[in-house]
């Protein structure tokens, strides 16, 4: 009976691994998870992960609970979205979110209306219950997607019980990054701006993204007349999406590639150094790697680090390349002595930094930053400042509960000062504050403070030989958070799911687990 139960647990773990890989890789292949058919597929995969998780608990007869606030904070974020969706009495709505109340009851934003004309007579507010979100359907979609992300985070934290399991998660992210790097490089050389080089949203086969998918994905749109003649009030207007140069199959253009690279590039260097590390062996490196059959993997990872860093630098430019430079340095240098690699680790890190610097030089010399289709939304300081300034104005008008999670694209056109209407704030951190207010800011602050507070204690528990992996994990988290502060990141489902998986492994480490860095016996 014990052997039978062990086999069932092994098959449960294999199915969990398959579903996690399908979720992470599948979302990237499904055009970044922004295509119309991905949401039901992701829901089915998430249900499978939940069922397998409870099945394992039932088979083992016990539930191992780790003391970590991150899943609890995730549930609180879902609760915040549910609270924003709930209609409340008019008096309470005015106290919680006066502008949202005005938008639902009068159809206008009071602050903007009075800013244009202080003596304007406002319409009488309807005495009815109203939610605090400005767009209930958008917040409901966010709640659905965030629930799937929470499942991935919790499952990854429970799944990463050995180094091999951790590498399943990290390897999936590295594989996505490597695939997008290779395809993107071919696209740039061949000047093929479509998805995967040949698919145009709205003009492809039925399973390809539609124009509505492109409008909902991170990017920008403009209002243009549908025809010269329209209705009695003027020409009919139609939202037309911006069509950037797509890198790989990710909707969102160059920014989508940079967002996935903020996770994939430091992890690629971390995995490469882990493969090169002797881990107690006294054999020469060439013999050890050749005997284990790891030569092709080492070459592939080296190419991914070098070419990926170069492509990141070419697309990001000087300002956005800073988080990647810090991530590479932190992933490779601090753990060099503990792994036994020494100067080799430093050399490999410098190779990645050289590729990044070369890419930045190409960005300047080839004028890639002057091409709006290849320039990320916050690569130009002036454009970024205008976008962030408008987002700060929204935060001031919706201070307590925000505009509603997932509603930035709905509210920002009322505050914009340019023709295009971006669907993101150009900063995931700032967009979170816009959509969730001080309540969401408190959740984010608690998560950050807990992570920083546990970091030193968790570092001391890791053996010297495994500290390179811990450095890589910290570097990946730092690179991603730094990039998310100056550019959008989690607004694309594929990036959000990859971040949940990686931060799930970090949650296991910070909450006391060191088994995710240990080889199976």
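Using the three backbone atoms N, Cα and C, a Cβ is placed for every residue, glycine included.
What TrEMBL annotates here:
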- 40-58: transmembrane segment (TRANSMEM)
- 70-88: transmembrane segment (TRANSMEM)
- 142-160: transmembrane segment (TRANSMEM)
- 167-189: transmembrane segment (TRANSMEM)
- 256-277: transmembrane segment (TRANSMEM)
- 289-309: transmembrane segment (TRANSMEM)
- 315-333: transmembrane segment (TRANSMEM)
- 340-362: transmembrane segment (TRANSMEM)
- 437-456: transmembrane segment (TRANSMEM)
- 468-490: transmembrane segment (TRANSMEM)
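The list of residues near the transmembrane segment (40-58) in space but at least 6 beyond its ends in sequence, with Cβ under 8 angstroms from a Cβ of it, reads 9, 12-13, 15-16, 19-20, 22-23, 26-27, 30, 33, 144-145, 147-148, 151-152, 154-155, 158, 493, 497.
A contact links the transmembrane segment (340-362) to the transmembrane segment (289-309), because at least 3 Cβ pairs that are 6 or more residues apart lie under 8 A.
With a threshold of 8 Å between CB atoms, the same-chain residues lying at least 6 positions outside the transmembrane segment (468-490) that come near it are 163, 166, 218, 255, 258-259, 262-263, 265-267, 269-271, 273-274, 277, 319-320, 322-324, 326-332, 334-336, 338-339, 341, 345, 376-378, 384, 424-431, 451, 455, 458-459, 462, 496, 499, 502-503, 505-506, 509, 517.
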